[in-house]
Amino acid sequence: MEAHNQFLKTFQKERHDMKEAEKDEILLMENSRRFVMFPIKYHEIWAAYKKVEASFWTAEEIELAKDTEDFQKLTDDQKTYIGNLLALSISSDNLVNKYLIENFSAQLQNPEGKSFYGFQIMMENIYSEVYSMMVDAFFKDPKNIPLFKEIANLPEVKHKAAFIERWISNDDSLYAERLVAFAAKEGIFQAGNYASMFWLTDKKIMPGLAMANRNICRDRGAYTDFSCLLFAHLRTKPNPKIIEKIITEAVEIEKEYYSNSLPVEKFGMDLKSIHTYIEFVADGLLQGFGNEKYYNAVNPFEFMEDVATAGKTTFFEKKVSDYQKASDMSKSATPSKEINFDDDF
């Protein structure tokens, strides 16, 4: 924490001025109508909510019967990797937890944004249910995944928790900094998890896991981009060096995570490629917050080309039909309006 405080001292004056100016930010100003939905005032934020609403899915849609058969054909190392990945995913979801999202929702003073966060809180329950379903289907009992007992003591998990404490839970953090850090948590933490699961399911096995992974990855991309959208509404923004610091810190933590907690080589993947992919995701996120790329990384995974990445193909540039259930697509008669982060708000 000392190094963190020392870094921020460089920006002490401008951060103090920004803290004072937060009360005048239109998103944060006291609003007596913050619980009254109509008329809609923030159309871009409302559109973001309606798009995630259209993407709604349930745990019951994930069928794991074929996955259970396919799982038995994997190598022991691959089975262990999936068990560890599920254990760490459940742990990571606890880092997101409802408390953090509720705090963001409480600070935001418009019903459009509160609706988005409320929907995310509900979906977090579904993600936990799906991960637990997989543990039950593949391993029968969490006790059969030894890592569950060790998670709390893993240095990499502690580093993620410390990152959240430094940048999000810390009362001294600016609202804009918290948005960037939350986007990093949603977009960078677990980026390699999604890539490794797509790598496995690209082999045309485990269709239930493939569907769940695609849904959750898509949703996380939407939550990440929502932070970018709120950030775009702010009148005053942090120094680009602070944004860069937040994102690159998250990258180093995530690289360490795959070097130590999830040895991807045993799963059949290349560690260097995972690291490059994390950097690629980070570059997109930096651009989403108006920064230049830091790593200039190229996506090493062809199978990830169609996966939404923050800053590369933003959630808000996709039409609602991309996220609707197939049964509802035919009902959409009006094309959605595309939103540009360069618009004046």
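Even glycines carry a Cβ here, placed using N, Cα and C.
Given the structure is predicted, the values throughout are model-derived calculations rather than measurements.
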Subject >> Annotated phosphoserine residue, as Swiss-Prot has it, among S169, S259, S321 >> reply: S169
Original post:
If you count other Cβ atoms within 10 Å of each one's Cβ, which of the recorded positions M1, Y131, S169 has the most?
Top reply: Y131
Original post:
Three-state secondary structure of Y131 (active site) from DSSP?
Top reply: helix
**OP:** Report, in whole Å, the straight Cα-to-Cα distance of Y131 (active site) from M1 (N-acetylmethionine).
**Re:** 33
